[in-house]
Amino acid sequence: MQSFRIAVLKGDGIGPEIVDATLRVLGKVEELFNVKFEYKEGLIGGIAIDETGTPLPDETLELCRDSDAVLLGAVGGPKWDNLPTDKRPERGLLKIRKELDLYANLRPAKVWEPLIDASPLKPEVVRGTDMLVVRELTGDVYYGEPRGIFEEGGKRVGVNTMRYTEDEIRRVVIKSFEIARKRRKKLTSVDKSNVLEVSGLWKQVVEEVSKDYPDVELEHLYVDNCAMQLVRRPSSFDVIVTGNIFGDILSDEAGVVVGSLGMLPSASVGDKHALYEPVHGSAPDIAGKGVANPIATILSAAMMLKYSFGMDKASDLVEKAVEETLNQGYRTPDIYSQGYNRVGTQEITDKIIENMERYKT
Ligand SMILES: NC(=O)c1ccc[n+]([C@@H]2O[C@H](COP(=O)([O-])OP(=O)(O)OC[C@H]3O[C@@H](n4cnc5c(N)ncnc54)[C@H](O)[C@@H]3O)[C@@H](O)[C@H]2O)c1
Ligand SMILES: CC(C)[C@H](C(=O)O)[C@@H](O)C(=O)O
Ligand SMILES: [Mg+2]
């Protein structure tokens, strides 16, 4: 029997709830596909600060390096909001991404037909939307030096540095062209090259790489325009490639297009490691209430099955089961509207698992 080692980092807020739900789905995959998953849990985020004094203990990092894939919930919350920026739970996430060199964050945003009325946008605008935001994840203003709050002439000044080397840009752009080639052959590169030198370099590198992909249609958009086009003509996008900060913001916006942030999965991949996590955060406003939407994390696990374990059939079955559960009218509160069956985290997970059983061929 095949077996895979999964590092499980539940984190904070709704993290444990949505990861536990996802582990139940993976349990069903084990049963149906004759595979064994070996889980090892590690601490990250606020809970890691509370228990070890640091948001990413070395043991967690070692555990992740030593696993076939990492499954992460979310980090952060009000309990740690008053810590200085460099001591916050979020730094654990930045560190793990950097240490594992997870330079490409793949964030698919697809409008599911049964959820067409969950989006605040008109059905005719969102119908058919199926895009993939490729967010560079190990550079940009997130990591640039110098950074900090300094004193200048008796006044405080806050400094962050937007920085990309051409190699950092090139590798994520090549990955994006490769992915676009396997999809609908359209790539939108998003920058702010009318103002920022970093973006000027970004655009140059995209142009250079594009010469090797004449079959892929290339579009450049400024990030402000892209933010607008994303809600005006979402279905016209195929693959979007952009830097770390722009990708962070645009992918949350994509959550509105598809109906909820609770529907957006992601895979953070490098050449050696891969980490799977929902796009959303720890949602402190609903943590502990049993109402969080686990689908973003369940679909992240489906990405793990496909990309890290080559289990395409199992991955497709999980997606199919999610779609059928939505077709049957089950909705967590974030995607609920009148006339549907309002359920919590556990119940929607039960339904997904039942549908896996039903649709297994
Ligand atoms: N990858 C991560 O770990 C990650 C990502 C984003 C934010 N954060 C952190 O999470 C904390 C809260 O941040 P925030 O409130 O700005 O963003 P958030 O994504 O946690 O929540 C934004 C809104 O979306 C809702 N939401 C998010 N996920 C949901 C789900 N699965 N089901 C139903 N509703 C959901 C929340 O209830 C909230 O109203 C902060 O500390 C932030 O830094 C962590
Ligand atoms: C929590 C935070 C550090 C993180 C980011 O900005 O990358 C989050 O917003 C995300 O999208 O994964
Ligand atoms: Mg974000």
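Residue numbers in this text run from 1 along the chain shown.
The backbone N, Cα and C atoms fix where each Cβ goes, glycine too.
TrEMBL has this to say about the protein:
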BINDING   77-90, 281-293  NAD(+) binding site
BINDING   Arg97, Arg107, Arg135, Asp224  substrate binding site
BINDING   Asp224, Asp248, Asp252  Mg(2+) binding site
DOMAIN    5-352  domain 'Isopropylmalate dehydrogenase-like'
SITE      Tyr142  site 'Important for catalysis'
SITE      Lys192  site 'Important for catalysis'
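Known features from TrEMBL, placed on the structure.
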residue	record	contacts (Cβ under 8 Å, 6+ apart)
Asp81	NAD(+) binding site	Arg88
Thr85	NAD(+) binding site	Arg91
Pro89	NAD(+) binding site	Gly11, Asp12, Ile44, Gly45, Gly46, Ala48, Ile49, Pro55, Val75, Gly76, Gly77, Trp80
Arg135	substrate binding site	Ala104, Asn105, Arg107, Thr242, Gly243, Asn244, Phe246, Gly247, Asp248, Ser251
Tyr142	site 'Important for catalysis'	Leu94, Asn244, Ile245
Lys192	site 'Important for catalysis'	Ser199, Tyr222, Val223, Asp224, Phe246
Asp252	Mg(2+) binding site	Leu261, Val279
Ala287	NAD(+) binding site	Asp12, Gly13, Ile14, Glu17, Gly77
**Complete:** Averaging the pLDDT values of the domain 'Isopropylmalate dehydrogenase-like' (5-352) gives 98
**Request:** Please determine which of the binding-site residues listed here (Asp224, Asp248) has the lowest count of neighbouring CB atoms within 10 Å.
**Result:** Asp224
**Complete:** Same chain, |i - j| six or more, Cβ under 8 Å of Ala283 (NAD(+) binding site); the result in sequence order is Gly13, Ile14, Ala74, Ala292
**Message:** Just to be sure I understand the contacts, which recorded positions have a Cβ under 6 angstroms from any atom of ligand 1? Candidates are Tyr142, Asp224, Ala283, Val291.
**Reply:** Ala283
**Item:** Distance-selected recorded positions near ligand 2 (C-beta under 6 Å), from Pro89, Tyr142, Lys192, Asp248, Asp252, Ala283
**Value:** Asp248
**Message:** Given Arg135, Asp224, Asp248 as the binding-site residues, which ones have a Cβ positioned under 6 Å from some atom of ligand 3?
**Reply:** Asp248
**Message:** Please give me the CB contact count at 10 A for Arg107 (substrate binding site), counting all chains in the structure.
**Reply:** 24
**Message:** Using the alpha carbons only, what distance in Å do you get between Arg97 (substrate binding site) and Val291 (NAD(+) binding site) once rounded?
**Reply:** 29
**Prompt:** Taking the residues the record says bind substrate (Arg97, Arg107, Arg135, Asp224), how far apart in Å are the two Cα atoms that sit farthest from each other?
**Reply:** 26
